[in-house]
Structures are given as C-alpha cells and as structure tokens.
Ligand code: PBG
C-alpha cells in the first residue's frame, strides 16, 4: 500500500516558491524609532540590542538609516525632557515627538506614524490622568474620561507637526472617537488612526519600558489593558474602535496572540496590524547570543507567522534587519 496523496511533491526547491501561501516584504514593516530629549548623543538600549535612543537632532539620520534598508514607515516614540502629573510634554508644540516629526516630515520621504500615549510623559508612568488616591489604592488608577482630551490634543499636535498617521496606545475607552473628533475639527480629516485596539496587559513589554522610561511608578496596567486570558473581549475592543472610526486595528503583543490576530482578521474588514513587541525581540536575541537559536531565521519565521495569522502590517524591532535580508 502506497500513499496516493503526497504533499511532499510540492516541497522541492523549484516548486516551493510557486505554492507558497504567505510572504513577507519590506513594505509590510514599520520600524520603531526612539527620540530622546534628554541626551545629545545616541544611547544604546541594553535590553534591545541594536536599538538606540537618538537625540532630536539625529532623528532625521536615524530615519534615513531605516529607509536605506527598504522599510518605508516608522513609528516615533519620545522620551521627554521632563515629566509631570498630566503628561503635558506629550501635547506640547515643542515636545520631543513634535520637534522630531517636524524634521522627519520636512527632510525625509518616510511615512511617519506616532505613538499617542501619556505613560512616557507622566511622572507616575500611567497612561492618563490619575485618580486622587491612586498611589494608596491599587484598584484605582487612570481617570478614563479626563484623559480623552489630553490624548486628542496629543494626536492633533502630532498631526500638526506632520505625522502621516497617529496610533493611540493607552487603552482609554473612547480614545479613537475623541481623537477622530479632535483631528477632524483641526482639519486633519485625512490623517488615519491606527488604534492599538487589542492591547493586552503583557509581561512582554519589559524591555520597552526601559527603553522609553515608561514603567508605572506603582501598580500595573491591568485596569486598562486587557486580560491575557480573554479572547471574546478582543473582538469587542476591535468592534468599538472600528465604530469610533479607527482605520487600522492593531493587536499587541504579536507572537503569543496569533489566535487574536486571526480572530480580528476574520471579524473586521479593516487592515490588521500586529506588534512584535520588545520582549519578543529581546528573547530571540538572548537565545541567539547563547548560540541556541539562529536570530535571522527565527525572526523571519516569527514575522511570517503573523502574516499567516492575518496581519497586513507588522510593527517590529527586526524591521531593518529583516528588510535587509529580504
Ligand atoms: C505606550 C506603549 C508601550 C508599548 C508601546 N507603546 C508600553 C506599555 O504599554 O507598557 C510597548 C511596546 C513594546 O514592548 O515593544 N503605552
């Protein structure tokens, strides 16, 4: 008895590319860029090998490096010169992101996306305005509705500086609607919103919080970010953001949440983005350093799996390395 159905026939070198179902290209990728108002020199980010915080004056050079690899889109994160209770440097006209974006938009052809959140800008490190007794009572944290205007102002100030797209990541209920309204009133009706619609309260953000100096001073983010145990809730978040006017829906993190990427893909007709987060990047680097994994192969396979799960675009710290190889 011989098998009549032989999938191996389609695995020769000649035919494999012809029957390949998914591919990854540089045009799918967004490279995160960190701009730091507290330094005059580039500072290596220890937990994210190969990444640096760059001073505002080098933002354009940094983006040119990304473009040289074939990646055409960047996500700009800022580290402000000072922090306060309400994150006022997030929406300042001369804030770190606003200054960097003005230069990048004027001097490069990159598609510029900005992260819209307050956690890097508040002295307590939470993603919005705090309840009065939050530090004493860990069940209290961010005041949802008071945060909406600040997010909207931040997004408008980014668009005003020349951002092509804004990406709110604070998991504030109503954030997409508030930002859409703010942008439209400020005559930025053409600026799309990529919502971090489905953002889990994940331990995989550790290295980023070092990189962007955005760890909460007390408590955690489980009162506003999603419980990793939940799947149906992801669809609810995605639907709400789509109804409020989101143009792209993001799922974050990526690898541990591929089922969610697939769910959102199947339930929405909007483009879906996956965020291959800092912890996913750091763990492959750590294993590769020890000679336990091949870095490029595992990075490529990770990103390909996100495409296969249904992501149209991927935000990843591997963007430049992978694009170079593609
Ligand atoms: C800001 C923000 C975070 C990340 C992206 N935007 C931090 C957080 O929510 O704690 C994490 C990205 C990563 O880990 O790569 N709110």
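Placed from the backbone N, Cα and C atoms, the Cβ positions cover glycine too.
Keep in mind the model is a prediction, meaning the values are calculated, not measured.
Features reported for this protein in TrEMBL:
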| type | residues | note |
| --- | --- | --- |
| ACT_SITE | 199 | active site, schiff-base intermediate with substrate |
| ACT_SITE | 252 | active site, schiff-base intermediate with substrate |
| BINDING | 117, 119, 127 | Zn(2+) binding site |
| BINDING | 209, 221 | 5-aminolevulinate 1 binding site |
| BINDING | 237 | Mg(2+) binding site |
| BINDING | 278, 317 | 5-aminolevulinate 2 binding site |
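Feature annotations (TrEMBL) mapped to structure.
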| residue | record | Cβ contacts under 8 Å, 6 or more apart |
| --- | --- | --- |
| 117 | Zn(2+) binding site | 90, 127, 151, 154, 168, 169, 170 |
| 119 | Zn(2+) binding site | 87, 125, 126, 127, 170, 214, 216 |
| 199 | active site, schiff-base intermediate with substrate | 169, 171, 225, 226, 250, 252 |
| 209 | 5-aminolevulinate 1 binding site | 215 |
| 221 | 5-aminolevulinate 1 binding site | 126, 127, 141, 171, 201 |
| 237 | Mg(2+) binding site | 197, 198, 226 |
| 278 | 5-aminolevulinate 2 binding site | 47, 48, 204, 205, 206, 207, 208, 211, 317 |
Of 117, 119, 252, 278, 317, listed as recorded positions, which ones have a Cβ less than 6 Å away from ligand 1?
117, 119, 278
For the recorded Zn(2+) site formed by 117, 119, 127, name the remaining residues of the chain with Cβ within 8 Å of the site's Cβ center, in chain order.
87, 118, 120, 121, 122, 126, 128, 169, 170, 214
Any idea what DSSP makes of residue 252 (active site, schiff-base intermediate with substrate), helix, strand or coil?
strand
For residue 252 (active site, schiff-base intermediate with substrate), just count the other CB atoms lying within 10 A of its CB, please.
25
For residue 199 (active site, schiff-base intermediate with substrate), what is the secondary structure state per DSSP, taken as helix, strand or coil?
strand
When you measure from the Cβ of residue 127 (Zn(2+) binding site), how many other Cβ atoms are you left with inside 10 Å?
27
